[in-house]
């Protein structure tokens, strides 16, 4: 069986492609195409494009859920919908999407998944207009989960594969800024639209605005390109055309390789971190923001949360791109940042939860306004740093996936595992939140899982190769092998 080799082995300089296999070079006609086509097939344009698509779809979804209870008086419906969303994503991302990505490609994956975000926002709008609209919200949440699996596997594969080791961190940082700009703008818009609202739900116009933006982002997906059509600026692996034929031989080979990658011990050590990546949200959004502040202040806090995500993702990305450090040292540095900041931020969170438990016992709920001075500032800054820590976490997870392999199909499988385990943890956390488990117990679970999963990841962090050359020379790293040609 012939193993896909790196195009970089035959690259004579960063800007030229040498004597490479036809499977690994851009189509010759690409150089004769118009300027729009050349820009569209540039790897960095694709990074920015997927960032804007994420801005419109999950970015707006984050703004909606970040208001606490998705803007609803009773957060139980949205919590149960989130359980359905995360559970469906977990099942589809690993079992279906990771395996089929090679055949579908990123464009079709995004088109299949993107429209479900608008459907979910429409279901929330319907629920405030129609009695007993909760079941439709939960059903649309489950469908969103299936769509999100296709979306996030495609997004993650583009982000960690289309750039190289010198720019991967910045690509993740740029994505995190643009993506979370969606949540920031959405939350600020909600703050303005609901500034004079004293009710517990958002206005109809808020949901309608989200739906329009989500559908626009879905339409942008038609511009996404797969690796085999990228320009010569892309130096990673390209998917061989014959391997994309959907037949029994190819599918059998793919399933075997997927299983080998999924159960690689180095990936297994990362799975607790992947599982924990969405556990934070239910506690932070419904218990911290949702129970403590009134509606307009929740919207303002939501904007600050996503601003913190932007800053945190960019900062972590820049640190992981420090060129004077080898790749393993950067991995260790990123891990250390997560450990130290985790202990500090969750330590502050403990003090807040002790204080808030006393308030809840006295009947104070959803009462703090941004005009309340110091009573607002402390919890607001904590919520801000919660957002920054989440972006540290996810940026590091994505970076370490890309640091382990440069093959888009391999990365799709690992991103699929990430996209499966992350919502599995989220589904567990949202279910606990829906069952009204005490905020302190939810907090303790968050802190314990964060630090525990970091400790489990140490063996993988220590085995990260120091350079791309070491990665290519190591036969133990993940690679996809293609069926022999007849």
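For all residues, glycine too, the Cβ spot is worked out from N, Cα and C.
Annotation source TrEMBL lists region 'Disordered' at 1-25.
The annotation compositional bias 'Polar residues' is assigned in TrEMBL to 9-22.
Look at TrEMBL and you will find 43-63 (among others) tagged as transmembrane segment.
Beyond the ends of the transmembrane segment (83-101), by six or more residues, the same chain brings 109, 120, 138-139, 141-146, 148-150, 152-154, 157, 254-255, 258, 262, 278, 409, 412-413, 415-427, 430-431, 434 to within a C-beta distance below 8 angstroms of the stretch. According to TrEMBL, the feature transmembrane segment maps to 83-101 (among others).
Summarising the annotation, TrEMBL assigns transmembrane segment to 108-128 (among others). Using a Cβ-Cβ cut-off under 8 Å and counting only residues 6 or more beyond its ends in the same chain, the transmembrane segment (108-128) has close neighbours at 53, 57-58, 60-61, 64, 70-72, 77-78, 81, 85, 97, 101, 134, 136-137, 139-141, 143-144, 146-155, 201, 204, 207-208, 210-211, 214-215, 217-218, 221-222, 224.
According to TrEMBL, the transmembrane segment annotation covers 134-153 (among others). Within its own chain, the transmembrane segment (134-153) has Cβ neighbours under 8 Å at 57-58, 61, 77-78, 80-93, 96-98, 101, 104, 109-110, 112-117, 119-120, 122-124, 126-127, 412, 415-416, 419-420, 423, counting only residues six or more beyond its boundaries.
Taken from TrEMBL, the feature transmembrane segment covers 174-195 (among others).
Feature annotation from TrEMBL assigns transmembrane segment to 207-225 (among others). Taking Cβ pairs closer than 8 Å, the transmembrane segment (207-225) reaches residues 40-41, 46, 49-50, 52-57, 60-61, 63-64, 71, 106-107, 110-111, 114-115, 117-118, 121-122, 124-125, 154, 158, 182, 186, 189, 193 in its own chain, all 6 or more past its ends.
The annotation transmembrane segment is assigned in TrEMBL to 245-263 (among others).
Residues of the same chain lying 6 or more positions beyond the ends of the transmembrane segment (303-320) and with a Cβ under 8 Å from any Cβ of it are 59, 62-63, 66, 168-177, 180-185, 187-188, 191, 284, 289, 330, 333-334, 337, 380, 383-392, 394-396, 399. According to TrEMBL, the transmembrane segment annotation covers 303-320 (among others).
For the transmembrane segment (332-352), the list of distant contacts is 288, 316, 319-320, 322, 325, 378-379, 382, 385-386, 388-389, 392-393, 396, 399-400, 443, 446-447, 450-451, 454, 457-458, 461-462: same-chain residues at least six beyond its ends, Cβ to Cβ under 8 Å. Residues annotated as transmembrane segment in TrEMBL: 332-352 (among others).
Long-range neighbours of the transmembrane segment (380-400) within the same chain, counting only residues 6 or more positions beyond its ends whose Cβ lies under 8 Å from a Cβ of the stretch, are 156, 159-160, 168-169, 172-173, 176, 180, 270, 273-274, 276-277, 280-281, 284, 288-289, 301, 304-313, 315-317, 320, 331, 334-335, 337-338, 341-342, 345, 348-349, 352, 370, 418, 450, 460-461, 464. Positions annotated as transmembrane segment by TrEMBL: 380-400 (among others).
Positions annotated as transmembrane segment by TrEMBL: 412-432 (among others).
Look at TrEMBL and you will find 444-464 (among others) tagged as transmembrane segment. Panel annotation: around the transmembrane segment (444-464), residues 265-267, 269-270, 272-273, 275-276, 279-280, 283, 327-328, 331-332, 335, 338-339, 342-343, 346, 349-350, 393, 400, 403-404, 425, 429, 432 of the same chain, lying at least six beyond its termini, place a Cβ under 8 Å from a Cβ of the stretch.
Residues 47-48, 50-52, 54-56, 58-60, 62-64, 66-67, 71, 159, 202-203, 205-206, 209-210, 213, 295-296, 299-303, 305-307, 309-310, 312-314, 317, 391, 394-395 of the same chain sit 6 or more residues outside the transmembrane segment (174-195) yet have a Cβ under 8 Å from a Cβ within it.
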